[in-house]
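Q: Here's the feature list from TrEMBL:
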ACT_SITE  D13  active site, proton acceptor
ACT_SITE  H41  active site, proton donor
BINDING   G12, D13, E14, G15, K16, G17, K18, G40, H41, T42  GTP binding site
BINDING   D13, E14, G15, K16, N38, A39, G40, H41  IMP binding site
BINDING   D13, G40  Mg(2+) binding site
Amino acid sequence: MPVTTVLGAQWGDEGKGKLVDILSAEFDICARCAGGNNAGHTIVVPIGPERIKTTFAFHLLPSGLVNPKCVGLIGNGVVIHVPSFFQELDTLEKQGDVPMTFDWHMP
């Protein structure tokens, strides 16, 4: 199984989120392995049959989640500020479908 990794050579806005958005259309899993909610990735994608451009802002969640077939994973190197995590989930859920699976969902 091939793996593609997107790494930044500098700190700051390098376009990593946009690249992950483009690449995630070809992958089943998008993982975030490091960082915290101080990072930001803004993705603009056409949504629905009308193809209305919708803006999604990601801070903790992997930006590849805009791809409906892509599963997002958060690794143990990510510093999670719990209130910010749930606020981001709420915001994204209001914009569309954000299914979440936790350990207690698994048999």
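Just so you know, glycine gets a Cβ as well, placed from its N, Cα and C.
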Q: For each of G15, N38, A39, count the other CB atoms within 10 A of its CB; which of these binding-site residues has the top count?
A: A39
Q: Roughly how wide, in whole Å, is the group D13, E14, G15, K16, N38, A39, G40, H41 that binds IMP, by largest Cα to Cα distance?
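A: So the maximum pairwise Cα distance among the IMP binders is 15 Å.
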Q: Specify the nearest of the recorded positions D13, E14, K18 to A39 (IMP binding site), where nearness means the distance between Cα atoms.
A: D13
Q: With every protein chain in view, how many other Cβ atoms are within 10 Å of the Cβ of K16 (GTP binding site)?
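A: If we count other Cβ atoms within 10 Å of K16 (GTP binding site), we arrive at 16.
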Q: How many Å lie between the Cα of the residue listed as 'active site, proton donor' and the Cα of E14 (GTP binding site)?
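A: The residue listed as 'active site, proton donor' and E14 (GTP binding site) have their Cα atoms 10 Å apart.
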Q: Please report how many Å separate the Cα atom of N38 (IMP binding site) from that of D13 (active site, proton acceptor), as a whole number.
A: 12
Q: Any idea which of the recorded positions K18, H41 has the thinnest Cβ neighbourhood at 10 Å?
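A: Each of the recorded positions K18, H41 was scored; lowest Cβ tally within 10 Å is K18.
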Q: Could you round the CA separation between G40 (IMP binding site) and the residue listed as 'active site, proton acceptor' to a whole angstrom and send it over?
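A: So the Cα of the residue listed as 'active site, proton acceptor' lies 8 Å away from that of G40 (IMP binding site).
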Q: So if I draw a 10 Å sphere around the Cβ of G40 (IMP binding site), how many other Cβ atoms end up inside it?
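A: Result for G40 (IMP binding site): 11 other Cβ atoms within 10 Å.
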Q: With H, G and I counted as helix, E and B as strand and the rest as coil, say where DSSP puts K16 (GTP binding site).
A: helix
